[in-house]
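Going by Swiss-Prot, these are the annotated features:
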- 98: active site, phosphoserine intermediate (ACT_SITE)
- 98: phosphoserine (MOD_RES)
- 98, 239, 241, 243: Mg(2+) binding site (BINDING)
């Protein structure tokens, strides 16, 4: 069974592959590769309770291979990608399961340039996790040391603020920030406050168990309510490792990643500073025509931050993102950074002198239903059983410029099912019929239906 998915290693904490023995061996495998480049690895994490175990196991493996480890503590994923470059480290490692609950944990790995490691290196690491590495252990004199990196939070805050136009301030703007009780709990509000905003922070009291629990980008209802209560100009919800952002406007209407990307594309195109952008297969079909109208070449990648970055690099894209809220601004970041993306949105509001609802109102996503379906039987077996029904669905949706996406998640045991088309009634009808068929086949019903 492969331990790497679409975004590093992820699974239930204390269960393979996130058990201490496997994580220790992963640390050794990472150390074996890192020492080919240098002697330092930086290591950050989010706030889930299992992070202590995972951190200890990884550190043991790394120092045993002769690698020094700089501990960052709770920090956003993008902060590690930034600091690995600034500190000239061999690799950066993040302990996080992103938007998953506290029950899970994971490991993401960045190279010395702050880019997620390629598939080929993942395969090497996977092989070495299973290999006998005792002969590769460092001599006692050459074992690594562990130290805490002082001032890392301040460094990252200054980096994020540096992506905001120097002539602008957030004075007079009221912002609600939901930090998801995650890695940005001590950073999210500080960034906007230091730039002059009146900030209302929620989801900033992590206890190791409440990360992403009824808060953050997956559960933005609290943010929406707080925006309406406070009369705020905008709401910004992060996830557990602050690599995705979900926004609501001053009217409490939610804005997804596609709308954020569309707004950024429109603004950058008006300044002639963008020719190419990238999204994944999960993005709305209507964003393609929107980009064409702007004169922007839009490229699509497979789902996942690494695939998106590969596409952006190949086509020299200025901006890229996923509907889920991962936004990459290549001028500033090598991975998705929710705080940098949020400042980009705020700068557009100020430069165009418009409200949040105005800057997002230009792009209308195609009607869709998105269902996350838990499953227990083998996915390939499910795909074979549901195949004829999917063919019928695709044929029906073809009449309304629609499509169906039926794929397994690379980070959770869920099937991602998306039905979209220009006729919302047909989309809803097809989604219901597909759900009925899945129940008949013994697959569990979808959870958290979303109609846009």
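Glycine is no exception: its Cβ is also placed from the backbone N, Cα and C atoms.
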So around the Mg(2+) site, 98, 239, 241, 243 aside, which residues have their CB within 8 A of the centroid of those CB atoms? 46, 76, 77, 96, 99, 182, 183, 238, 240, 242, 244, 338
By a three-class reduction of DSSP, residue 239 (Mg(2+) binding site) is assigned coil
Tally every other Cβ atom lying within 10 Å of the Cβ atom of residue 243 (Mg(2+) binding site). 33
Neighbour count, 10 Å Cβ-Cβ cut-off, for residue 241 (Mg(2+) binding site): what number do you get? 35
Using all protein chains in view, find how many other C-beta atoms are within 10 Å of the C-beta of residue 239 (Mg(2+) binding site). 33
